[in-house]
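Peer 1: Next up is a structure, given as structure tokens.
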Amino acid sequence: MKPTTRSPLLAVDDLHVAYGKVEALHGVSLRIDAGRIVSVIGPNGAGKTTLLSALMGLLPARGEVHFRGEAQARIAVEQRVGQGLCLVPESRELWSEMSVEDNLRLGAFHRSRARAAELRADLDEVYALFPRLRERLRQAAGTLSGGERQMLALGRALMGRPQLLMLDEPSLGLAPKIVREIFHIIATLRSRGVSILLVEQNARAALQVSDYGYVLETGRVVLEGDSRVLANDPRIVESYLGLAKKAA
Amino acid sequence: MTTSLRLSAALALALAATAARADITVGVVVSATGPAASIGIPEKNAIALGPSEIAGEKVRYIVLDDGSDTTTAVRNARKLSSEHQADIVLGSTTVPTSMAMIDVMAETGTPMVTFAPALALTSPVDDKRRWVFKTMTGDDHELIPLLAHMKATGKQRVAYIGFADSFGEGWLKTAEPMLAEQGFTLLARERYARTDTSVIGQVMKIIATRPDAVMIGASSGPAALPVMELRNRGYRGDIYLALGATFGDFVRIAGSKAEGVYAPISPAAVQADFPPTLANRDAVLAFVEAYEKAYGAGSRNMFAGSAWDAVQLLQQAAPKALQQAKPGSAEFRAALRAQIETISGFAGARGVYHFSPSDHAGLDRSALMLGRLEGGQWRPVQ
Amino acid sequence: MTFDIAILLTQDGLTNGALYALLALALVLVFAVTRVIFIPQGDFVVLGALTLASLQAGHLPPTLYLLLALGGAVGLIDAVACLRSGRAHAVGRVLLIELGYPLALWALCHWLLPLSQSLWLHALLTLAIVVPLGPSLYRLVFQPLAQSSVLVLLIAAIAVHFALVGLNLLGFGPEGVRTAAFSDAVFEIGSMFIASQNLWIVLVSAVLIVALYLFFERALYGKALLATAFNRTGARLVGISPDLAGRLSFAVAALVGTVAGILMGPITTLYYDSGFLIGLKGFVGAIVGGLASYPLAAGGALLVGLLESGSAFYASAFKEVIVFTLIIPVLLWRSLKSHDRGSEE
Ligand SMILES: Nc1ncnc2c1ncn2[C@@H]1O[C@H](COP(=O)(O)OP(=O)(O)OP(=O)(O)O)[C@@H](O)[C@H]1O
Ligand SMILES: [Mg+2]
């Protein structure tokens, strides 16, 4: 993919993140154009989750992050949410004590000024996407199965109508059938104009669904390129896709 | 070398100046701020009326506020004796602050006259307490007129309710042997906390014992709670309160519910025509006249009376002490202490004082009289 | 004990228990949202009662000055924060809200006090004066410490408690107050008498508890508070600011405390320092609920009220001892139970 002249939705430049004295990201740069799906793949401990947390503002970071052309350095998590940035974290962070519907409604918290009918419509849309959630709307989120929780986390994120959705391993621990379902939904989302930053262990699926990919290893971007090109890169095939084939 | 020489010269000069001036220095510690301020302020007012000269010597008053805090009281006591060479210290207002000051007084050999009530401040008269005198009545003074009235009106079965703290327990501990001795039966001993919001349980229990009289070991506003509850629950017998109920917020809070209750009162605090038989009638009138001239009609109160009496005692003792030593010296302070100890039969605003080497509490048994609340005013019962 | 006495004690216990329940709920909420053990909860009861009393006496309550001072401090801090984050345009608005509100309220009191003796007006003014102190305290003291340990927050809460007691003494003096009753009526049901003030207390407490329930169950902001309490990170990720949640929870706590003070004022005498013990009894209730369960906390608080009135009858000398040692079996029971909850969080 050639760099476009338009300013990208998200531009990250030389990002450093440290836990105490130990640096986990050593100058990561990436960009996401509007309407695209960009995937980040890499082995365990590469720093993928760290990258997303830093982009969301959950971790302090050094370097430049511009979202819709605006510097994010001094902007708090909640304000980033208001600007259209949304993260579905690896740990999901649902409210297990609250009902499915409450979880979803709170997803639209920053849009509380929106009309009730509009929120209702969004809710119905999420239920249409995940019919299983509608069947369980009064159930406490803590009692959902792993796959259902994943759906709830995704649904909650969608209720916020994000411009950029960051997904941290949405297929983690799911049965292949559900993984396919989830990736299908990701593809659907793009068609609705949502840009997505996708972090995945399942490199094959990720590269299949995304437009562009980055490979992160020990805190550095070691490879990037068009997803189709990456999928055929021998280094990727050897270290990621081979494994992924067996896993899938 | 030269600096230290100059310094010592200056010090010597300063000392000489203090010695030469030879004023009587009266240190005063009161709780003019903090929770006890309502008591400390009248005391301070009374001190301000003290004489500026005794037996031809000028009197210098140094008044410090301890903010109702024991640490500050101790600091003030130290400051008064080391910085100001106080010949005598008057105060402090509360039992804890006064108690805290005793060590400093004994250590520096300075007589102290406290305005606080506890008997433990002056008794037993040991090595430390020989320096301490007091001008405030104690629990025993309070119980004497109450029990006399209960006896005279034929009561036998009494119930008690009081604070669950040192105030209430001290009062009860003094009352129990006195009640037993005079043949009363104590039916119930109930406690409550000053901060309690309800005493229904205690009051129901008291009423169930059908007492002839209820005694309440409580003070100020919180004393109103059991009185109101007793009346609300239909108790019609007589109620006897501690002296502490005659000041502070009791009357304001209890309102009409408290009409007719009894409590000990000090002649120095009530508006009444005292009978000529009252031993300290003239002293009370003198105090009231001076105090109300300065602070307005109706401003009389027993705390000011105690502080006033402390100055009176100094006025009694100082002339003889002056013949033995110069103010500002340890000898003068010792002489002052010895002279106060010999005061006996002196009538003050709070009562007649009988000090002796074994009794530094001073006030005799009739210092308080019986009062009854009528129309929101405490009136003496003849 | 006769039946009459039992009824009376129960009535007394339930009245106090209802008030403790209010405080217990506020304590649980504040702890869940901010991890602050809110020692000054009882001080808000006293602030409410003393402020109401001083309004009823026709004075401008000293709490107005406190409100002004805290408002000024918050305004200053927020204004600096605005300038730092490059939002200079917001400075004026911040100062207007933080200083304008107390000043407007001051003017309103000045104007209304000589005009009306209405109890309701005084109660409303009391709420308007005291409740905003809660969020201001959060902004000044607890928000900067939001990342600290529970212990540090507890120490800060204790410091705030002592500061409030000192300021109460300074502003209101050491005298106790009793406010005018809502009504002096006494109802007779069968052989028992019920003071209408007691009914008021139980009724208003119940209404407030239901209102709180609806707030958490129905209102978005109520749910946002719960969400912050259950999972802070989750809440941030949907745009709920922990600072906002903190201020909101302190506002609820201040509201509950002030209402309790207004209700309690006529049945008891409150002093500048009465708050601690009252709050502590609410705290015992909250402990019964493990500082987490609202119904258990309310039930525990009712139990405290009943235990208190019962022990006042049977063993008044040990009343406080009995009430506060209730904590020990409860903690034992909780620690036994907590084995199967160990994996949570
Ligand atoms: N809270 C933390 N404190 C200290 N080190 C941490 C912390 N969180 C992560 N790390 C370290 O930072 C590095 C990157 O971790 P990160 O979670 O970002 O990896 P990841 O790429 O998401 O891995 P995975 O695929 O297993 O989720 C790892 O070495 C990890 O041990
Ligand atoms: Mg990860």
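Counting begins at 1 with the first residue displayed.
Placement of Cβ uses the backbone N, Cα and C atoms for every residue, glycine included.
TrEMBL labels come from automatic prediction, so no person has curated them.
From TrEMBL, for reference:
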type	residues	note
TRANSMEM	C:18-37	transmembrane segment
TRANSMEM	C:66-83	transmembrane segment
TRANSMEM	C:95-113	transmembrane segment
TRANSMEM	C:119-138	transmembrane segment
TRANSMEM	C:150-172	transmembrane segment
TRANSMEM	C:192-216	transmembrane segment
TRANSMEM	C:248-271	transmembrane segment
TRANSMEM	C:283-307	transmembrane segment
TRANSMEM	C:313-333	transmembrane segment
Peer 1: Counting Cβ pairs under 8 Å to the transmembrane segment (C:192-216), which of C:18-37, C:95-113, C:119-138, C:248-271, C:283-307 comes out on top?
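Peer 2: Counting Cβ pairs under 8 Å, the winner is C:248-271.
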Peer 1: What stretch, picked from C:18-37, C:95-113, C:150-172, C:248-271, C:313-333, has the most CB pairs under 8 A with the transmembrane segment (C:119-138)?
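Peer 2: Counting Cβ pairs under 8 Å, the winner is C:248-271.
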Peer 1: Is the count of Cβ pairs under 8 Å between the transmembrane segment (C:283-307) and the transmembrane segment (C:150-172), pairs 6 or more apart in sequence, 3 or more?
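Peer 2: By the criterion, they do not touch.
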Peer 1: Which sequence positions outside the transmembrane segment (C:18-37), separated from its termini by at least 6 residues, show Cβ-Cβ distances below 8 Å to it?
Peer 2: 45, 138, 142, 146, 150, 153-154, 156-157, 201-202, 205-206, 208-209, 212, 225-226, 228-230, 245-246, 248-250, 252-253, 256-257, 259-260, 263-264, 278-279, 281-286, 289, 291-294, 297-298, 300-302, 304-305
